[in-house]
Amino acid sequence: MLLLGLMLLLLPGSQADPQGEPLPGAPLVPPVLRGPGLGSSSPLQEELGASGVALARSTVEEEAGPGDPEAGEESSHHGGGFRVVQWEWSYVQTPYIIACWLLVASVAKILFHFSQRFTTVVPESCMLILLGLVLGGVVLLANKKQLYQLEPALFFLFLLPTIVGDAGYFMPARLFFDNLGAILLYAVVGTLWNAFCTGFCLYAAKLLGVIDERVEAGLMDFLLFGALISAVDPVAVLAVFEEVHVNDTLFIIVFGESLVNDAVTVVLYKVYISFVEVGVENVQTADYFKGVASFLIVSVGGTLVGLVFAVLLGFITRFTKKVRIIEPLFVFLLVYLAYLTAELFSLSAILS
């Protein structure tokens with residue numbers, strides 16, 4: 001028995017004092033290895049073994065952390081076993097929803113032209129707006145289970161370039177340049193007049209007490225709102241014009257104005273928002289001249305970027321006579337690069 005006791009004391013997990021208490025820093029061993037015999041254990045040893053297991057579990061939980069997602073995922077994985085398929089909605093939700101939107105809009109456009117009576121009553125643009133409202137309602141209902149929001153960067157960097165590129169590619173260039181004077185008159189002078197009139201009229205209504213006194217806004221804030229609201233994109237009007245085949249001159253003036261006025265409003269908005277952030281009292285006289293120069297640089301710079309990429313596209317397509325299949329790729333790629341290059345230098349990407 002003495003020899004057996006010495007062997008138990010020399011085992012790696014059985015360091016204990018003569019009273020049976022484990023020494024500090026000594027690892028715990030199962031109760032079956034402690035006690036007077038190999039096949040029995042005392043109640044005290046069983047209690048120590050249970051406390052050791054609880055201590056080990058608490059130590060593992062502290063190392064993993066209460067909110068450690070990897071530990072929770074690993075435990076759920078081992079608890080559920082091997083999964084043949086998994087639901088990866090968070091990984092594909094953005095491109096999947098956009099692809100579904102494009103698919104539904106394309107199918108709706110095909111079905112729209114099957115009914116001649118329906119096309120004469122409801123314009124195509126109105127039908128697409130109603131379809132968008134339906135899809136928006138579906139997304140709104142789905143937010144209760146899976147939150148989704150279309151990011152502005154996703155729209156301006158991926159969706160808008162395709163819309164503007166399509167409009168610019170099929171735009172009648174000869175009519176556009178023949179009526180460039182009227183287009184610039186409506187786009188520049190008309191947009192500035194609209195923005196300033198909106199801002200000053202709202203400020204006058206504020207001074208006359210028509211607007212609630214709790215609205216804390218000054219002249220620069222109202223001008224900022226006027227710049228924001230003055231840009232009008234007549235998408236529905238242009239769609240109706242195209243359907244009823246109006247005069248080409250009227251169509252190109254409205255279409256050209258909708259393209260060029262974006263450069264005006266973008267510059268006005270950036271100038272006014274910088275003035276509001278700095279404070280009207282801190283704006284110097286030179287800042288107003290910088291705003292005018294910014295308008296010219298943004299407009300002319302965006303146009304020059306578009307011309308550079310147009311010349312580059314024309315030069316590249318001179319050598320694609322034997323590989324016509326890649327010409328559409330160059331068209332899409334260089335149009336998209338022109339848009340991104342203008343955005344890179346804070347120029348008018350739509351003009352580009």
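Think of each number as a place in line: the chain as shown, counted from 1.
The backbone N, Cα and C atoms fix where each Cβ goes, glycine too.
Look at TrEMBL and you will find 1-16 tagged as signal peptide.
Residues or ranges marked as domain 'Cation/H+ exchanger transmembrane' by TrEMBL: 103-351.
Here TrEMBL flags 121-141 (among others) as transmembrane segment.
TrEMBL lists 153-171 (among others) with the feature transmembrane segment.
The transmembrane segment annotation in TrEMBL covers 183-205 (among others).
Using a Cβ-Cβ cut-off under 8 Å and counting only residues 6 or more beyond its ends in the same chain, the transmembrane segment (217-241) has close neighbours at 123-126, 129, 191, 194-200, 202-203, 206, 250-251, 254-255, 258, 261-262, 264-265, 268-269, 272-273, 275-276, 280. As annotated by TrEMBL, transmembrane segment applies to 217-241 (among others).
If you look up TrEMBL, you'll see 292-317 (among others) marked as transmembrane segment.
Outside the transmembrane segment (329-351), and at least 6 residues removed from its termini, the chain residues within Cβ reach (under 8 Å) are 156-157, 161, 164-165, 168-169, 259-260, 262-263, 266, 297-299, 301-303, 305-306, 308-310, 312-313, 316-317, 320. The feature transmembrane segment is assigned by TrEMBL to 329-351 (among others).
Remote same-chain residues near the transmembrane segment (153-171) are listed as 94, 98, 252, 255, 259, 331-332, 335-336, 339-340, 343, 349-350 (criterion: CB distance under 8 Å, separation of at least six residues from the stretch ends).
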